[in-house]
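The annotation disulfide bond is assigned in TrEMBL to Cys90-Cys99. According to TrEMBL, the transmembrane segment annotation covers 6-30, 51-78, 136-157, 169-191, 211-237, 249-271, 316-341, 353-371, 383-404, 424-448, 455-475.
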Amino acid sequence: MIFGGVFFLPMYLIAIILYAIPIFIIQTFLGQFSTSGLISAFRVAPLFKGIGYSILLLNLISLAYYGIVAAVPLIYAANSVHTVIPWMSCDNAWNTPNCSTHSTYDVDELALDPHATVEFFRYIILSDDSSPHEYVISWPVLCGTVGVWLLTLGILLKRVSFIGKFFRCICVIMFAVFLAIFVHLLCYIKLDWETFVSYFKPTLSNSFNGVLGGMRTAILMSTWLLGPGWGNVLTLASHNRFHRDSEKLTYWVSGTHVLLAFMAMICGRIAFDHFEDHVGFLHFHFDEEHYMQFLYLCFAYLFGSFTTLPNFWCFLFFGMIFLAELSAIIIQMMSVLTALFDEYEQLRTKKSRITIALSLLMLAVSIYFCTKKGFEHLDLLPNIVILSHLIISIVLLLMTTWIYGRERFQCDLQFMLGKTITSFKIFLIRFLTPAFFVLSFIQTLYFLERDNSPTALVIVSQCVIYAIAPAYMIYKVCQTNGTLRNRLKQCFAPHDWHPVDADNRRFYEEIMGVSEMLVMDGGEENCAVNA
């Protein structure tokens, strides 16, 4: 995002408004209205229930590699407590004879000796490993991954109330740490107005490429608001009170996300400039061809080079990143487990055993991504997951606003929230959001083509994900009686779709059973009862 400068922010805001917020609202609606997980919530249109199983598999695939994403910052945080920070020294077992700790360099040199920061990163991800075996294991990453999953398991075995308090505490801690880091960086570089304005200019010599790069990143960054995998918002919303104003919560979360993204852009530019001023050009002298290289090269060197308390700031920063990734894993695991226990109630008596078994399974699968070969896939999978995220989201949007119907969707929202939802918002979700989906889909395909061609493993896993939904549709239609038209009509109709609370359910069924729910156009819109 730092390459696009000022052009990044408008596109990012558009992406938040036209993509992230509508999907956030739809997921919140499905979860809060039904008080169900990501499989049972598809009672709103039973024919699409197979999408819930596709989402379940998608989340499991995301969890398989996300443990490594959380393990790497844990490794950096653990190593930052050493008296001498390992990535700022060449006196380690993994360092090469050419290792350097230079803080100045000749910009005209075509090649530079590898910096200690770069060699530490290569040691972690095995990008400089000379072994002919592709499945050699990075032991630090493996140990970190084991620690991540054991900690995740320990938290998941607690009560939901404890997990909720845990997340609230973690959010406060992460925000406080990030704010402290942000303020400290501004003071460290003695930011003036001229420097601040320069941060909003594209950094590449070819400004057009910088603009395009920033716009592409802005579109894909909007998906971060919804979390990794799919259905995390839906799962969290299922724990809300029925009449909680989730629309206001959506805007609050989106605004906070935009603010943090703006602050992160400033911090990223500071780290990027500092690295290129002292170590070398990131994409010229040092290019690891890995999406994590910016975070773990630029920021590691920036905080490691502080003259005051470098260990403390390194630990704070990478500890914050670790807590964020750990929270994402826990929420994804909650999505998977909630979906299973809501759909198959007989499993609830075995909740602890299933939680332990699933966590250990994810840990076992994660071992593959601790290998040299696994790290190659790790660079590709995030874009693959985003592609799946987009496809599932557009199907979800069509299901709720077109198949279920605009009037029923709008009235259900108003019934749940207890306030008016304007037709303009529904129009934006039904028409502008799908158009934006097309643009996002093209951008994601571009990233996949630019980075690497998908491997056989990735192609097979994606085919399985996409095959589940149509296979379930065929099964559902075959299990229904009547003509094909009647079968489809029955499969599209909501089944057992109502609030869980008895009073809300009785009122809702009274409206839906004996009257028509209409949306009154005009100055105000309302769900009215026509006797």
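Including glycine, each Cβ sits where the backbone N, Cα and C put it.
Note that the structure is predicted; figures quoted are calculated from it, not measured.
Around Cys99 (disulfide bond), the same-chain residues six or more apart in sequence whose CB sits under 8 Å from its CB are Cys90, Asp113, Pro114, His115, Ala116, Glu119, listed in sequence order. Contact between the transmembrane segment (51-78) and the transmembrane segment (316-341) is supported: at least 3 Cβ pairs lie under 8 Å, counting only residues 6 or more apart in sequence. Sequence-distant contacts of the transmembrane segment (383-404), counting only residues of its own chain at least 6 positions beyond either end whose CB sits under 8 Å from a CB of the stretch, comprise 19, 22-23, 26-27, 29-30, 44-45, 48, 51, 54-55, 58, 61-62, 220, 223, 226, 228-230, 426, 429-430, 433-434, 437, 440-441, 444-445, 447-448, 451, 454, 458, 462, 465-466, 469, 492, 494. The stretch from 6-30, 169-191, 249-271 that makes the most Cβ contacts under 8 Å with the transmembrane segment (316-341) is 169-191. In this chain, the transmembrane segment (424-448) lies in contact with the transmembrane segment (6-30); the count of Cβ pairs under 8 Å, excluding pairs fewer than 6 apart in sequence, is at least 3. Below 8 angstroms of C-beta separation, residues 14-15, 17-19, 22-23, 25-26, 216, 219-220, 380, 383-384, 386-387, 390-391, 393-394, 397-398, 401-402, 406, 409-410, 454 of the same chain, each at least six residues beyond the ends of the transmembrane segment (424-448), sit close to that stretch. In this view, Cys90 (disulfide bond) is surrounded by 18 other Cβ atoms within 10 Å of its Cβ, with every protein chain counted.
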